[in-house]
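Asks: I have a structure here, written as structure tokens, and I will follow up with some questions on it.
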């Protein structure tokens, strides 16, 4: 407000006051408070034409209440944040220097300080509130009780005066018993308040309550009284003028409390007998008249429903946090009335009488706080990255720091925003409040909104009156659904990529991803998907499905583009984002495919490790879009989709969940063709309801091999048929099967097992893949694997288009135009993975695969590994050593994980300059890779022909192998219940599913990191691939579809320089609004000393539960402690929290001292 405007309004009020013969006119009011109540008072001043004067502490320099005042002044320089607002001399001095006519104390801080009220009066400044002697009387809970008794108002039994020691409490309890309640004698608001139910808790509770009261009110005196349980907390709002006139503004129900602090306030009190309400209000007025009260105040009562009695609790001689609900139902602006009464107005002069005060409808206030209900309501602090409130008719928001970019301080109360809702009846009020809270979007700090919504939806709250024990009786209200918060997490991921580069390791960072957006073929996607082979499977079952394949007149095709093709060509890095874009096209135009290989194998772990995706989500998202084509996956027998053996129940549970998520055909294999390992996977698939496709892993040359002969394959197939497979498969993982060998093997298998479909899989590394598959089809194969043209060849599968064209009308029912469109999509999409492209080092197929026998899926990975080990220029030698390593290990079947063992040994040989003979001669002195040792130890299984005895003895240093049969047979069942408990404890803010349990059982460390990434980044698969790997350009507009009907538009604007904490500000425009995200620059922050965080995986690692200051340290290094014993006391937001020992043990280290400032989860102590 300008000075001219203020003078004009002042003049009109001067005239009004002169006509009513009043002398005092306030022109300037100092507000001795902060936050939302300060702003509430500023607004009242503005409406009354009074200039507002604000004060602020050093930590409040950037807070809105400082700037909203007409003028504001720094106080308490050098003092702790809370003490700044308790510094009476400084505040009074500022009031005098600024010419303030009056001081409004708000609530909290000095609002109940008689000393402050007197200091204002002594300085000739009006204290907007009761007279100092009244504040002193009512602020002393003992004297207030005496006054209540004298006024004839009932009270709860309590101490006759302030108590200074725990012994006095003990004496009181000896007479009155437990429970009792300790209260700050000179303050309220739940500070310095503790319920004590047991004698052994008394001393600790007294010390904490005393310390908290002293910190909040400057006086630690206590008052004790019998604790009335399950009572309603009813309070009466009072207005009283200097002439002795007192009226009440009816009642408020404040029974919903946590830690004695009100959470929800309602006016009028629902389900309260009007006669009872009138009696309580009458006693309130009686008491206030008796003490000569002046200004606004609240009289609080406990109402015992089972006895119908009410008891005086205390008087709050100030404005209350919850005054808002009374204002809404009565239409009385309480803060303005406070100011007018302080100016000398009588109630009558303000047209206020008891008869004129009517209640209209219901109002409810919910306090949104920056607390985490899931972690015991620990206060949170930080920067609000986003703030969008719920609004609408009948909704009022009182706040101060509720805006994007605001800093939430750890030093003050955690109240962020008061939501006040008005409606015609209680039910509508609850419904509207619930809706309003649901519209809030607050990012950057935790809030209690989920808890508030749970509370409002609780049947006990909705159906009748609740007592102060309501929340204790309903602990389930703290449980909350995990906030998806997709938008903010994705924004943080983009910022992380812009500041620190790709979160996925990239071998060639110089290659920039082109700005291409692969178009999806333009067809009618509104049409339903035509029926496919999956409809036969779902309707008739696996056995009938297999027979239907046999009856089909032509060879069928399986498409490997979505799995093995990109594993072979692009290091398995293709993301869900690009797979699901083309999925609807596949479902509508490639419906005659026998199956889609789209899951399992390396895609499972790579999705979590490098792409931050959940592999289960990928499977389910694809299944939503392709309901008609069977899905196929690789199952590594007893290894499931891992690289080691697991307890059998892990494999069974995996297969069960996979089928539930949409998987149909399981190609079960073992890396050594060790049938006992395969039997577990086959049985697990059958019991889960899936199709068993048992695979013979092919190696060597069947036309001339002395070890892996035709009879070997026939004998192995015989075992698989007896074990109950539905389909037989040849898995030629290195592309070693030549056309003549294909004819020989396929004809032999079809002749011996005519009742079983035969499925052939090969790689095109040598360039002969198409010829081999055509030979297979000619020899009677029922199904052959192919990759779409632009994703075929080299180490991938043979070309789908070439096969369809060559087979003519026998091309599996696929149409060439559809194959061409499908290929065009992947041709462009492949360019997005330029950093992982195998053609960067391998320009064409290579027939030397017939010698080195490197599997196609491993070939490119081996190249990347060689580059990372500095062996890029020696890859030819690596390939040669791969062949030699294979012979050293006994010429084994080579497919994951056995192929990795061979590759590890080959690279070991190259790095150490070892030849074939060197290894044999020096084996007993070499430190072999762990995978090689485990191979000889039997961890993988038993190879056909056994282990090379001389090398095995040397590697194992002469000891016998641990396993001589199937490793999983000796493993006890995996304890999924214990794992669920651990994950729920570690990731309590995330929803742990059965699929998470399986992923963790298979890959514990990898899954843990994935969960951390999911918590940080959200569903990153929604991002375009170029953005995921290298981030967007400045000012580039990103369109991110969060889910159907919800699109987020993001435009990165700038990245600021590094601040003193090693962080950078990243500026974005999100849906047209500016947003700021802070990201630590890992390179720039290396030299910045930051307090380490507690290790969440170590129960003895003790972290601070919240940001704050260390008040006390209860133990020292070397002390023995019991679980639950107090270790440290932390103070934040005027609340004290005792950090207890999470385990029984000994104090290993203490990392903090008293008065240290800590952030949430900062390491404070180690126990052992």
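The backbone N, Cα and C atoms fix where each Cβ goes, and this holds for glycine too.
In TrEMBL, annotation is done automatically, which means it is predicted and not curated.
As annotated in TrEMBL:
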ACT_SITE  318  active site
BINDING   141, 225, 260  ATP binding site
BINDING   564, 731, 761, 763  Mn(2+) binding site
BINDING   636, 896  substrate binding site
DOMAIN    145-343  domain 'ATP-grasp'
DOMAIN    1099-1168  domain 'Lipoyl-binding'
MOD_RES   1134  N6-biotinyllysine
Asks: What are the DSSP helix, strand and coil residue counts for the domain 'Lipoyl-binding' (1099-1168)?
Replies: 0 helix, 38 strand, 32 coil
Asks: What's the number of neighbouring CB atoms sitting within 10 A of the CB on residue 141 (ATP binding site)?
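Replies: Taking all protein chains shown, residue 141 (ATP binding site) has 26 Cβ neighbours within 10 Å.
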Asks: If you draw a 10 Å sphere around the Cβ of residue 225 (ATP binding site), how many other Cβ atoms fall inside it, taking every protein chain shown into account?
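Replies: Neighbour count, Cβ to Cβ under the 10 Å cut-off: 20.
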Asks: Using a 10 Å cut-off, grab the number of neighbouring Cβ atoms around the Cβ of residue 731 (Mn(2+) binding site), all chains included.
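Replies: So the number of other Cβ atoms within 10 Å of residue 731 (Mn(2+) binding site) is 26.
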Asks: To the nearest whole angstrom, state the Cα distance for the pair residue 636 (substrate binding site) and residue 731 (Mn(2+) binding site).
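Replies: Just about 12 Å between their Cα atoms.
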Asks: Could you measure between residue 225 (ATP binding site) and the residue listed as 'active site' for me? Cα positions, answer in whole angstrom.
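Replies: Cα to Cα, residue 225 (ATP binding site) and the residue listed as 'active site' are separated by 23 Å.
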Asks: What whole-number Å value do you get for the CA-CA distance of residue 564 (Mn(2+) binding site) and residue 896 (substrate binding site)?
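Replies: The separation of the Cα atoms works out to 13 Å.
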Asks: Going by C-alpha positions, which of the binding-site residues (141, 260, 896) is nearest residue 763 (Mn(2+) binding site)?
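Replies: Looking at Cα distances from residue 763 (Mn(2+) binding site), the smallest one goes to 896.
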Asks: Would you mind ranking the binding-site residues 564, 636 by how many other Cβ atoms sit within 10 Å of each Cβ and giving me the lowest?
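Replies: Comparing Cβ neighbour counts within 10 Å for the binding-site residues 564, 636 gives 636.
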Asks: Considering only the recorded positions 318, 731, 761, 896, which residue has the minimal Cα-Cα separation from residue 141 (ATP binding site)?
Replies: 318
Asks: Can you give me the residues near the recorded ATP site, meaning same chain, not 141, 225, 260 themselves, Cβ no more than 8 Å from the center of the site's Cβ atoms?
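Replies: Here the non-site neighbours turn out to be 158, 181, 182, 183, 184, 193, 223, 224, 313, 314.
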Asks: Including all protein chains shown, what's the count of other C-beta atoms within 10 A of the C-beta of residue 763 (Mn(2+) binding site)?
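Replies: Looking across every protein chain shown, the total is 32.
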Asks: Consider the recorded positions 260, 318, 896 and say which one has the Cα lying nearest the Cα of residue 761 (Mn(2+) binding site).
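Replies: That would be 896, the closest of 260, 318, 896 to residue 761 (Mn(2+) binding site).
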Asks: About how far apart, in whole Å, are the alpha carbons (Cα) of residue 318 (active site) and residue 260 (ATP binding site)?
Replies: 18
Asks: If you measure residue 731 (Mn(2+) binding site) to residue 896 (substrate binding site) at Cα, how many Å is it?
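Replies: About 12 Å separates the two Cα atoms.
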Asks: For the C-alpha pair, I'd like the distance in angstrom between residue 260 (ATP binding site) and residue 896 (substrate binding site), rounded off.
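Replies: With distance taken Cα to Cα, residue 896 (substrate binding site) is 61 Å from residue 260 (ATP binding site).
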Asks: Would you count the other C-beta atoms found within 10 angstroms of the C-beta of residue 761 (Mn(2+) binding site) for me?
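Replies: If we count other Cβ atoms within 10 Å of residue 761 (Mn(2+) binding site), we arrive at 29.
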Asks: So which of the recorded positions is most packed in, judged by how many other Cβ atoms lie within 10 Å of its Cβ, out of 260, 318?
Replies: 318
